[in-house]
């Protein structure tokens, strides 16, 4: 009985199982992605024949203020959806796991965690509707609250003021996002060997000392995963912008994904929209590669 | 002393997170007249279903719910099946070049939908699937399965070899081994994937917005988002619409909380 030929024959028939998934991937993702890159080298209104213009769309992008502004806004969204939720999530998760869980019981910690996580299960479009109504300038709940407690001067046109709209959107996204790191970090903290904490405590480390020197280093893999997935999510943000501001007022909350959507379906500059989408894709792929590299190095 | 300070600050945080839900629920059960005299903060004097019924009838919400259930349910089932096939070949079959194939699936999973939307819109038009639920089902089956393949491959990579060997000795072919051994044993993971795919697809907005243009095909988030954009609803109807959008999410959350927490953990630590 020779084992080698069997295993080679085995591989052949296992390949059959990859065919449906492979064909679907080709038809729905790989070919369309290739087409998108192709379209980005053309001028095309969506009807008729695309006209080849080489790199013109990309040179135009370089000088397009709206494009650059949309990326600047996106940096704000990365802060609101990746950086702040990770920082806040670490503190909240440690407080819930280490403090509430230990002194008041795991059940209390689980209920509080569920409250913080709840916005995550909402369709983002629905979260947008909830907030655009709460933030309405005239009879919105937030301004009503401010007036009710005598802070009339703080009542604002939250989403209608070009200087304020991006900050407001960032606040809404922080509310949506913060539950995700909390849940993941709490799961990670269960993995940490309790004796590390005990040893640190015996050495006289304060709660913050243990937080920085035991908890944070121990759950580094989770922190990486959260930072990467949240950053990518922030770069892809579309629905909150569509529902809350439509990129306005005056383009002050426009982001690349919404800008490409506008070019595709409102301005019918399909080639230009495809170029924006391609740049966004390259950025996301580069970021993913860099993150995975750093993560791998950290694990070694 | 300090313990209670931490406890209270966490309770305060939880309350802040929940306030929007409470405000929405309060105003969804007010009459428009009540709203215009008392504003959004007064407690409702009774439970009026006026706004909810008006909104339900206006958008034919039952139809939107059904569309969402059909699309999310089909995608969840199909994407689990496709993920299992792929992961069977990659994780257990260890076909040649599996690392590169996995990388392709991973890239497919990270691509922004903006980079696919116009070709998909164009191709759907070409094959006559534009504005059909089928188009959305096929597309999201592939997108979700890309993630599922990635996750399941690493799970199945650790599948006990003795079981596979035993099945082979008993004369089972690859198909029988998959259906009778691998799938039943992996059921918990497949369940978590199903839940994830269902909720993720339910919450999708961008591609359904572009592909489902007619009213009778729209999903709940798309119908709500489009109506919101038209700014033609009064305040109580808006909060009624938000409440109706929130309720299914909370129902899933309560039903699936266990599976969700377990699944998130499985996804976080590869």
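Yeah, the Cβs are placed from backbone N, Cα and C, and that goes for glycine too.
As the structure is a computational prediction, the values presented were derived from the model and not from experiment.
Checked against TrEMBL, the range among B:34-53, B:134-153 recorded as transmembrane segment is B:134-153. Between the stretches B:65-87, B:157-179, TrEMBL puts its transmembrane segment entry on B:65-87. Highest Cβ pair count under 8 Å relative to the transmembrane segment (B:235-256), across stretches B:7-29, B:65-87, B:99-122, B:134-153: B:7-29.
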